[in-house]
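These notes are about the structure you will find just below.
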Amino acid sequence: MAIQTSNLGYPRIGLQREWKKTLEAFWSNKIDEEQFLTTMKEIRLQHVKVQQEKGIELIPIGDFTYYDHVLDTAYMLGFIPSRFSEFTSYLDVYFAMARGSKDHVASEMTKWFNTNYHYIVPEYEEGLQISLKDNRPLRLYEEAKQELGVDGKPVILGPYTFLKLAKGYTQEQFPTILKQLVAPYVQLLSELHAAGAPAIQVDEPIFASLTKKEVQQAKEIYEAIRKEVPNATLLLQTYFDSVEENYEEIITFPVSGIGLDFIHGKEGNLNAISKYGFPADKTLAVGCIDGRNIWRADLDEVLELFTTLQKQVQTKDIIVQPSCSLLHTPIDKTEETHLSTELFDALAFANQKLEELVLIHSALTQGTESISNELETYRNVHHTIRSSAARNREDVKAARTALKEEDFSRPLPFEKRYELQQVALELPLLPTTTIGSFPQTTEVRQTRKEWRNGVISNEQYEQFIEKETEKWIRYQEEIGLDVLVHGEFERTDMVEYFGERLAGFSFTKNGWVQSYGSRCVKPPVIYGDVAFINGMTIKETVYAQSLTEKVVKGMLTGPVTILNWSFVRNDIPRKEVSYQIALALRHEIELLESSGIRVIQVDEPALREGMPLKEKDWDAYITWAVQSFLLATSSVANETQIHTHMCYSNFEDIVDAIRALDADVISIETSRSHGEFIDTLKHTTYEKGIGLGVYDIHSPRVPSKDEMYKIVEQSLEVCDPKYFWINPDCGLKTRRTEEVIPALEHMVQAAKDARSLLKTNA
């Protein structure tokens, strides 16, 4: 039995975010297309080289992208919306689909399963000619072979997952379109096989949550493909959960090997193997290193997994690999020497995870004595962090133990609260507001950098923040918004800002991961017990309120989003970490309220993305996620209005959860999903305050008043005007001032027109 190391995907962004910088330079016309392509090639090949040097045998090729791998697949198969037909060059079409243009809205963007990565949603249109427009994986495979002598493993998104992620067709059309994908996939795989690809990784993460009928449908497609490409080595790759429910059928698929996630789907996959075994003529690819977190592996536990598998599986070959692509982890921890020794030692970023794969390979092929020193080191590291004071705070345990049922609910029901709030706040019908942040200009970022580097004093920095806050309070007053925000100029990131002010968090210097397009985030590390220290938002919010007679919202990030957008300790349940965060935020909310802030927004944009992939596991997650929000927000007076915000979600799955949050007002992304949530509300009622975003802030285009009015009009068909709010989709941090002001002016005008119409019809 042969044992090989493999990787499923490598972070794209570059050690110093070279990828991001190159993209943004190209978009702003600072470099031309030739320079863009040259630099991207250098970055791409460097990533292959790193994996080669680390000792990975099956190196992924084609996981690199200029924006998003799902968008790559859509372009490759000809899923190009007709509204982009005026664009002729590849890059013009590609980036118009991703980002929109002056005259055309971008394709929708949404979360990649339950991660914090976003993909561009493929669009199907009637009359679409599906064909292999561009065999990009082949070009990149040949490039790595010619330039580096690397006989890599091409990575492609599988046909079933691709079409399931796409939109624009009816369920009745799905089988027909799926069959139309066979020919381009046959051509793609045939050409890769003919070029000598030793193995081809076909990603099908959707397989973790399919029905029996869907699995049979997928199998028929793979049989049709295999019939035409009988000799290619196809590795069917699943991840993010187990395939337990359909394992018996999946192992009969006509593929050469199957990749299973033994981190996030360990129990289910082991149960399935125990029950049904594994085909002796197939390769088992074992996802044994966590591709979604940053902690060192427990090597003893991993080796125990292989011992269990080797007792139950008499397979042809074994592949040792991460649980999923390393896209979700930072690249290398070597620059994080500012961290405490106990924390630094416990970390493993992408490059360290590759080293762990090689260690496991050595243990499996040469015996555990070959890595005895490393095993001892790992055991000591795990013991040190488990027993650290940061993970064993008595005050945090006491606060958790003292919680009572009444800590999780508001005193009065929504209708009675809202009446009191209307009297207290004196807002008009269809009140307007924004989601929280305003443009972080070059000046804002540069001033923050100077402050952090000690170039300017605390006093100078605070004066600058106050100046920006006052400027935008005046802008908001002039625009005519009803509920204002302070703008969040002091915040780099909506999670990092709070993590820096709570116990139990730590921060990397270079722990960047891709969120969407060129947007990278640096998730905090929750390594210890979370606890409140001092007020986090009081000063800036109270200052903003002192500048205006209008209502100013306090702005906080919710406990579940802080959890889901952080790298979280893995020694206690996520629910317990979420409750710790909620208790700390509860203290902050009480301080805001006692300081005179009457509207407090607690954002939960990541609540949906944390849901397990399998429907059977949803209730348990939703229960503690909702309880976390209620724990944070339920101690305020009835007159204090609690807002929340969500974005990029399949909300039809969680309408009941949204209702259970008991927020007085929720704002939801609507425009980029082309009105899907409006359709959801046609089939269910939502009887609390709600604002459906009227324009997409992720595109640089400024929408017209009429576009926004149309969304308001559609929204009022399904929402009670008494409870309806008007707002953008998300915060405006990434937009430019010259885009934001006219867009908000159009939004306020659309609100005025809608009010006038409602009064006329009253």
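Any Cβ shown, glycine's included, is placed from N, Cα and C.
Taken from Swiss-Prot as is:
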{"type": "BINDING", "residues": "R17, E18, W19, K20, K111, R519, C520, W565, E609", "note": "5-methyltetrahydropteroyltri-L-glutamate binding site"}
{"type": "BINDING", "residues": "I435, G436, S437, E488, D603", "note": "L-methionine binding site"}
{"type": "BINDING", "residues": "I435, G436, S437, E488, D603", "note": "L-homocysteine binding site"}
{"type": "BINDING", "residues": "H645, C647, E669, C730", "note": "Zn(2+) binding site"}
{"type": "ACT_SITE", "residues": "H698", "note": "active site, proton donor"}
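Sequence features annotated in Swiss-Prot and their locations in the structure.
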residue	record	Cβ within 10 Å
W19	5-methyltetrahydropteroyltri-L-glutamate binding site	24
I435	L-methionine binding site	25
G436	L-methionine binding site	26
S437	L-methionine binding site	22
E488	L-methionine binding site	24
C520	5-methyltetrahydropteroyltri-L-glutamate binding site	19
E609	5-methyltetrahydropteroyltri-L-glutamate binding site	24
H645	Zn(2+) binding site	27
E669	Zn(2+) binding site	27
H698	active site, proton donor	22
Which residues, in sequence order, are found in the same chain with Cβ within 8 Å of the centroid defined by the Cβ atoms of I435, G436, S437, E488, D603 at the L-homocysteine site, excluding those residues themselves?
T434, V485, M494, M555, Q601, H645, C730, G731, K733
Report, as a single number, how many Cβ atoms besides its own are within 10 Å of the Cβ of K111 (5-methyltetrahydropteroyltri-L-glutamate binding site).
21
Out of the binding-site residues R17, W19, K111, C520, C647, give me the one sitting nearest to I435 (L-methionine binding site) by CA distance.
C647
Between the recorded positions C520, H645, C647, H698, which lies closest to E488 (L-methionine binding site), Cα to Cα?
H645
Which one is it: of the recorded positions R17, K111, G436, E609, H698, whose Cα lies the shortest distance from the Cα of H645 (Zn(2+) binding site)?
G436
Measuring C-alpha to C-alpha, could you say which of the binding-site residues C520, D603, C730 are within 10 Å of H698 (active site, proton donor)?
C730
Cβ contacts of C730 (Zn(2+) binding site) (under 8 Å, same chain, 6 or more positions away):
I435, P605, H645, C647, E669, G693, I697, H698
Nearest by CA distance to K111 (5-methyltetrahydropteroyltri-L-glutamate binding site): which of the binding-site residues is it, out of G436, S437, D603?
D603
Count, for each of the binding-site residues R17, D603, C647, the other C-beta atoms lying within 10 angstroms of its own C-beta, and report the residue with the smallest count.
R17
If one measures from the C-alpha of S437 (L-methionine binding site) to the C-alpha of R17 (5-methyltetrahydropteroyltri-L-glutamate binding site), what distance in angstrom results, rounded to a whole number?
24
In angstrom units, rounded to an integer, how far apart are the Cα atoms of G436 (L-methionine binding site) and R17 (5-methyltetrahydropteroyltri-L-glutamate binding site)?
27
D603 (L-methionine binding site) and R17 (5-methyltetrahydropteroyltri-L-glutamate binding site), distance between Cα atoms, whole Å:
28
Rounded to a whole number, what is the top Cα to Cα distance in Å among the residues the record ties to L-homocysteine, namely I435, G436, S437, E488, D603?
13
Return only the integer: C-alpha distance in Å from D603 (L-methionine binding site) to W19 (5-methyltetrahydropteroyltri-L-glutamate binding site).
30
So how far apart do the 5-methyltetrahydropteroyltri-L-glutamate binders R17, E18, W19, K20, K111, R519, C520, W565, E609 get, largest Cα to Cα in Å?
28
